[in-house]
Amino acid sequence: MKVDYYEILGVTRECDDKKLKSAFRKLAMQYHPDRNAGDKEAERRFKEIGEAYEVLKDPQKRAAYDRFGHAAFENNNQGGGNPFGGFAAGGFSDIFEDFFGEIMGGGHRKRSDGRERGADLSYNMEVTLEEAFSGKTAQINIPSSIVCDSCEGSGAKKGSKPQICGTCHGAGRVRAAQGFFSIERTCHACNGRGEVITDPCPKCQGTRRVEKNRSLSVNIPAGIEDGTRIRLSGEGDAGIRGGPNGDLYIFLSVKPHEFFQREGADLHCRIPLSMVTAALGGEFEVSDLDGIKARVKIPEGTQNGRQFRLKGKGMPMLRRQQVRGDLYIHITIETPQKLTQEQRELLQKFEKLSNHENSPQSHGFFSRMKEFFENISGQN
């Protein structure tokens, strides 16, 4: 007993053409003979999927199937006959040829004239934060494949030329019969090129290309970030038989800086201050990455972790280089170490002279803590 066509494709009877085609594509790829060589069950499912789609993709056949089921397509020689006359081998061939031609093409398949696009190349480059700030022009050397100058890219020895492939007759594809439909595959004799080289070029060994180091000038724009990718069109490996060159991708990483940390277009810098400067106030100079200095005033009583913002002193934005981020100064207060006896005595004297107004947070905290423990003792 035949399985329901909708069940075969895993769709409902109400599904539209788009869902029907999507289900067919998924199953056809899953059970394609190229992916399941020698698997008879996969071959059976593949044929079954094609048969179901052949009916359901056609509005008239689908309407007849919805009304009469499989009986609509049986040649039982009874009155009136079968208006559809069963399935023709050509129908399946057309379905799979269109489907797999669309899927396997997609810009990756070799052209019918044998032209192939060259491979893309990648290059990793490390730059300093200063170079990321101002931009630079860098010279790089990359190993790549270029067209062989001895055979001019034909792959054949001088005085000879490639021969048309006797298996595919220059098409680059061959058809293999699978029951009542045929499958188109890449020709194994010429790897889809449509030609074979019987007398290869001694320089490139028939590959049509040779390896060579090339020197390139790369423009690094100001404002690039760690992980930025630059694409140089046509600077990858050479194409074959007049095919386009691949592209070169430059992947940039920015070295950690001694003083500045970066967050987007903003820069952050930690400045240590002595306890005395933080208490009495003062000022200091700081330079941004273009060397311009700015004076930062420290008010009396500056606390650890305080932040100062210098507008427009950060990094330029990659796509709006006239706009810059900000520079944030983070204050860290340095507690004195290895005190002399005199320094220790002075600090102890300072502590005795201090009151809660000098250190409101610590005074208030310890007062509350003392009160807390006194209450606990009183309860016990």
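Glycine residues also receive a Cβ, built from the backbone N, Cα and C atoms like all the rest.
According to Swiss-Prot, the feature domain 'J' maps to 4-69, an assignment based on sequence analysis. Look at Swiss-Prot and you will find 135-213 tagged as zinc finger, backed by sequence analysis. Swiss-Prot lists Cys148, Cys151, Cys201, Cys204 with the feature Zn(2+) 1 binding site. Annotation comment: Swiss-Prot describes 148-155, 165-172, 187-194, 201-208 as repeat 'CXXCXGXG motif'. The Zn(2+) 2 binding site feature in Swiss-Prot is assigned to Cys165, Cys168, Cys187, Cys190; the stated evidence is sequence analysis.
Everything Swiss-Prot records as a feature, shown here on the structure.
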residue	record	Cβ within 10 Å
Cys148	Zn(2+) 1 binding site	20
Cys151	Zn(2+) 1 binding site	25
Cys165	Zn(2+) 2 binding site	21
Cys168	Zn(2+) 2 binding site	21
Cys187	Zn(2+) 2 binding site	20
Cys190	Zn(2+) 2 binding site	24
Cys201	Zn(2+) 1 binding site	22
Cys204	Zn(2+) 1 binding site	21
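With DSSP states grouped into helix (H, G, I), strand (E, B) and coil, the repeat 'CXXCXGXG motif' (187-194) comes out at 0 helix, 0 strand, 8 coil. Beyond the repeat 'CXXCXGXG motif' (201-208), the same-chain residues lying 6 or more positions past its ends with a Cβ under 8 Å from any Cβ of the stretch are 147-148, 150-151, 153-158, 240-241. Highlighted in sequence order, Gly166, Thr167, His169, Gly170, Ala171, Gly172, Arg173, Val174, His188, Ala189, Asn191, Gly192, Arg193, Gly194, Glu195, Val196 have their Cβ within 8 Å of the centre of the Cβ atoms of Cys165, Cys168, Cys187, Cys190, the residues recorded for Zn(2+) 2, and are not part of that set. Under DSSP, residues within the domain 'J' (4-69) fall into helix, strand and coil as 47 helix, 0 strand, 19 coil. The closest partner of Cys148 (Zn(2+) 1 binding site) among the binding-site residues, by CA position, is Cys190; the full candidate set was Cys165, Cys168, Cys187, Cys190.
Calculated from their C-alpha atoms, the gap between Cys168 (Zn(2+) 2 binding site) and Cys201 (Zn(2+) 1 binding site) amounts to 23 Å.
A straight line from the CA of Cys204 (Zn(2+) 1 binding site) to the CA of Cys190 (Zn(2+) 2 binding site) spans 17 Å. Those residues of the chain, other than Cys148, Cys151, Cys201, Cys204, with a C-beta within 8 angstroms of the mean position of the Zn(2+) 1 site C-beta atoms are Asp149, Ser150, Glu152, Gly153, Ser154, Gly155, Ala156, Pro200, Pro202, Lys203, Gln205, Gly206, Thr207, Arg208, Arg209, Val210.
For the pair Cys201 (Zn(2+) 1 binding site) and Cys165 (Zn(2+) 2 binding site), the C-alpha distance works out to 18 angstrom. A separation of roughly 19 Å, to the nearest angstrom, links the Cα atoms of Cys151 (Zn(2+) 1 binding site) and Cys165 (Zn(2+) 2 binding site). For the repeat 'CXXCXGXG motif' (148-155), DSSP puts the residue distribution at 0 helix, 0 strand, 8 coil.
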